[in-house]
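As structure tokens, the structure follows; a few thoughts come after it.
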Amino acid sequence: MRTNCWWRLSGYVMRHRRDLLLGFGAALAGTVIAVLVPLVTKRVIDDAIAADHRPLAPWAVVLVAAAGATYLLTYVRRYYGGRIAHLVQHDLRMDAFQALLRWDGRQQDRWSSGQLIVRTTNDLQLVQALLFDVPNVLRHVLTLLLGVAVMTWLSVPLALLAVLLVPVIGLIAHRSRRLLAAATHCAQEHKAAVTGVVDAAVCGIRVVKAFGQEERETVKLVMASRALYAAQLRVARLNAHFGPLLQTLPALGQMAVFALGGWMAAQGSITVGTFVAFWACLTLLARPACDLAGMLTIAQQARAGAVRVLELIDSRPTLVDGTKPLSLEARLSLEFQRVSFGYVADRPVLREISLSVRAGETLAVVGAPGSGKSTLASLATRCYDVTQGAVRIGGQDVRELTLDSLRSAIGLVPEDAVLFSGTIGANIAYGRPDATPEQIATAARAAHIEEFVNTLPDGYQTAVGARGLTLSGGQRQRIALARALLHQPRLLIMDDPTSAVDAVIECGIQEVLREAIADRTAVIFTRRRSMLTLADRVAVLDSGRLLDVGTPDEVWERCPRYRELLSPAPDLADDLVVAERSPVCRPVAGLGTKAAQHTNVHNPGPHDHPPGPDPLRRLLREFRGPLALSLLLVAVQTCAGLLPPLLIRHGIDVGIRRHVLSALWWAALAGTATVVIRWVVQWGSAMVAGYTGEQVLFRLRSVVFAHAQRLGLDAFEDDGDAQIVTAVTADVEAIVAFLRTGLVVAVISVVTLVGILVALLAIRARLVLLIFTTMPVLALATWQFRRASNWTYRRARHRLGTVTATLREYAAGLRIAQAFRAEYRGLQSYFAHSDDYRRLGVRGQRLLALYYPFVALLCSLATTLVLLDGAREVRAGVISVGALVTYLLYIELLYTPIGELAQMFDDYQRAAVAAGRIRSLLSTRTPSSPAARPVGTLRGEVVFDAVHYSYRTREVPALAGINLRIPAGQTVVFVGSTGSGKSTLIKLVARFYDPTHGTVRVDGCDLREFDVDGYRNRLGIVTQEQYVFAGTVRDAIAYGRPDATDAQVERAAREVGAHPMITALDNGYLHQVTAGGRNLSAGQLQLLALARARLVDPDILLLDEATVALDPATEAVVQRATLTLAARRTTLIVAHGLAIAEHADRIVVLEHGTVVEDGAHTELLAAGGHYSRLWAAHTRLCSPEITQLQCIDA
């Protein structure tokens, strides 16, 4: 890979031959003109000034014409060179995204989101930085070749001396290439690890906040950042070692040429004009030589980035697309023939499964969490290929079928209802983008989502936000069901399609499903007894093995495991009584229950960043000392660089014109000493800048991440999560890059400008006025450039965040995109965002290409003016030839820093936009404050006082005037239709959000007065969105209490019924879990979440649909454990299944954000209202007479 990455990149560049030819052609023509200009200068000095026998006007016209041509050619070179860089970056990004869309299940399990983000952002930026200079490479090489040819024509001895250092420079460059490539690759790997930590913390932010683990996640980031810090310091040291050395060697060659050329001019071997022309050529070549040396460093970093990007592009699915189309039969059969499968070799998840579903038949597959149901569904849709055996659809092996024809026949309702950014209508029509509004409404009506949609101001055009998390779990699930029904599949695969809806809605959905599956084959993977009414036959899975298949009655009679799964488990009651007497978390003197209370490591806390109106500026003030030292060294380095022109003037006027060779030798020796001193100072400056930059980056990233962790959940809605990831990664790096390089360039440029102006005034003040005539034009051009580019950079930065958000979204929802054959539409969406970012980049490049060459044009015009007037003064004896030559050299140096300042403005704009975003983030108010009340043990009284709440993305309020008082120790179950506000109440108690109006009080205190971390340390929460962080199963359970012993972890798992599932996993409690739990089923994740909440022994327990993914037997165990826990603490439960409501102290019924009923179970049944209807539906759905279940007319 590494040997051919340059060839691969050149292939991408060659896709844009027109731009390449224009850029190279302009570079070639511009180089020829630049190399010939010193010859014009030689003629002017020898013939028009020194000899005084030729007019200056014709030469001035030639110089002005050359300046105009150079401006146009430089514009073309810069514009098309930058355009190539943006086009190739876009092509690489699109190819990487296309590779992502092709991934099968194994590739999706292999790649982390952190790797994806870094390789498509940071690594691509490294490649783009090199591609910007593609035309410059040719220009520099041509400049060197033509320059050497011109110098050889001027003087062979001097030319030989000038090229003596080329082999030395080549050897040093070769060594730097080898070391920098390895160091940069290592640093990029660590950067991917940091991004992975950030992305995981943002994706799992609800879990982080639920258990008050913000500091723990910050510790993770700090540890990953420390490893990155060490790797980046190695890169900085190598850059400091090789960069100044490669730039110093050409300068030493200049001093050697100065000494030899001056001696030859003094001896009459060459003319003063030839000497000045040779020096001008050498000066012209010094810049390309230094640039090429610097580009070697950039090239090694770009190579490391290119290798990583190309690895992503080259990733291929492990399964091979078939060649045969699926048969066009109206009904399809599904058959598993002795199927075995394992995610890891030699660790089977399914063992010898033989199961057939006849065409037109509905089969229900039941089993406990981790039994293999979801894996079976993945094999049917061919996310994976079987290890042994075969899966056949319509009698054809799925491995022989084209994926397009296979997936076009299948409709999938997954256990996790993944939605995409866009509107409700677009998500329903995800599998049929050509669907009419009437067809979308019909599917929504079938999924019982239409009533909710009609209450929204924008109806089906309402945006759902990233991953649809602004909707309730039931609403997302019904949209996913409508999406599958609109697809009109011949084979319908549903994985618990009604687990998050209430009983009344489930009855209606079942009636519709009964009609929908009447003329098609269907497989229902379910844990709910009510769904079995739709099935013709039932299959029972247990630990990856098929136990029984038959009609529901037959299996009920002969399969004990089936009866156990669908019935409560009374034999566990005694264990629960023991558990009640032996709590998992025994109080220990001086020991808290959260990780934050046990760590001795100081990390950035909620108030570590300095307060005030501009926290970013205050934070950067911590590094004033190192930054000042770095800038002081830069100033010394710059001053040393201003001495050579003065030494050259002395050497010409005294050493050459007056034949005082000792003056020439002293000038050359002083120049050499100056170059060496400059090299040492430059090395020190690079070391200090490198160390300081990495320290600032480490500190800034940690503080921004710690602050982001403490923001309210509303900051993570819409695309806020992607913007936060961008802020912690790309934005902090943009700021530090400017501090490390841009600020250095600014200091160099300012010091150079001041020093040159002083020198020019000292040589001849009158000529300075000629230079100042160009300044008003330059100031006007700079103002216009800044005004136009500022808007472009801001838009481009925001668009980059959108590109990253789209990548994260499709990486998370790839299986749904593939199941509904939406890869091409995903590619179109990503292309639109990426192309918009590219066009903004090209627009910015056009502005740069117009502005920077204009500065050089003004420099050339000023040089011509000074040359004309200076020649007249030389003839008049006012100034010497040496003084005029020095003046011309200084003019070249004068406009160089002006151009670099203008170029630095590009980095400044990027940093300014990034700083604005980070400043805005750091200024966002967090729920906690330094004056917050500390929280000890809570009694648990909860009061809602006239509480209203509205989500930012919705006009309809989620809660409207809630007044409730929940005494300490009471168990309250909230019921109602999906979207009625139940989960929002739980989130307000957890203080994920603050009420829009009204107050939530606990133990008589407004939650806004509590220390938010201390308060959440007293809670145990199970949210709808299950998330676990990468690590072992044991780590996942102990997330809220990392100090728990293995025995305590196991006891918590036993009490919620998770222990059998865990021991069935490979390595049991040490089983490795991927970020987000992608290698676990929804039921397994829910059991881990319950054990996690149980372990912390909370004062207030909050359960939001905590058992929707569990089978009845496991659910019964969990409910008994919940009631045992609830006996000692306040417990608030959101439930669609009403089994636990019967045993609760109190039931609160919500509809449309208001309380419509409140009372005990028997009271509400007697009232005959909302709860009575819900209970009647629930009773019918959960009747033990499974074969005779009937849904009531809701």
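Each Cβ is built from the backbone N, Cα and C atoms, and glycine gets one as well.
Note that this is a predicted model, so its numbers are computed, not measured.
Lifted from Swiss-Prot, the feature list:
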- 20-40: transmembrane segment (TRANSMEM)
- 21-301: domain 'ABC transmembrane type-1 1' (DOMAIN)
- 56-76: transmembrane segment (TRANSMEM)
- 130-150: transmembrane segment (TRANSMEM)
- 153-173: transmembrane segment (TRANSMEM)
- 258-278: transmembrane segment (TRANSMEM)
- 279-299: transmembrane segment (TRANSMEM)
- 334-568: domain 'ABC transporter 1' (DOMAIN)
- 367-374, 976-983: ATP binding site (BINDING)
- 628-648: transmembrane segment (TRANSMEM)
- 628-910: domain 'ABC transmembrane type-1 2' (DOMAIN)
- 660-680: transmembrane segment (TRANSMEM)
- 743-763: transmembrane segment (TRANSMEM)
- 765-785: transmembrane segment (TRANSMEM)
- 847-867: transmembrane segment (TRANSMEM)
- 878-898: transmembrane segment (TRANSMEM)
- 942-1177: domain 'ABC transporter 2' (DOMAIN)
Determine the most Cβ-crowded residue among the binding-site residues SER371, THR978, using a 10 Å radius around each Cβ and all protein chains in the structure.
SER371
Recorded stretch that, among 21-301, 334-568, 942-1177, has the most CB pairs under 8 Å to the domain 'ABC transmembrane type-1 2' (628-910):
21-301
Long-range neighbours only, meaning 6 or more apart in sequence with Cβ under 8 Å: which ones does SER980 (ATP binding site) have?
LEU1150, GLU1151, HIS1152, GLY1153
For the domain 'ABC transporter 1' (334-568), provide the mean pLDDT of the predicted model.
87
With every protein chain in view, what's the tally of Cβ atoms within 10 Å of the Cβ of GLY367 (ATP binding site), excluding that atom itself?
28
Give me the long-range Cβ neighbours of LYS982 (ATP binding site): same chain, 6+ apart, Cβ under 8 Å, in sequence order.
SER472, PHE974, VAL975, GLY976, ASP1104, VAL1134, LEU1150
Which residues does LYS373 (ATP binding site) neighbour through Cβ under 8 Å, counting only same-chain ones at least six apart?
VAL365, VAL366, GLY367, ASP495, PHE525, LEU541, SER1081
Using DSSP with the three-state reduction, classify LYS373 (ATP binding site) as helix, strand or coil.
helix
Within 10 Å of the Cβ of GLY976 (ATP binding site), how many other Cβ atoms are there?
25
Can you check what DSSP calls SER980 (ATP binding site), collapsed to helix, strand or coil?
coil
Provide the number of Cβ atoms within 10 Å of the Cβ of PRO369 (ATP binding site), excluding the reference atom itself.
25
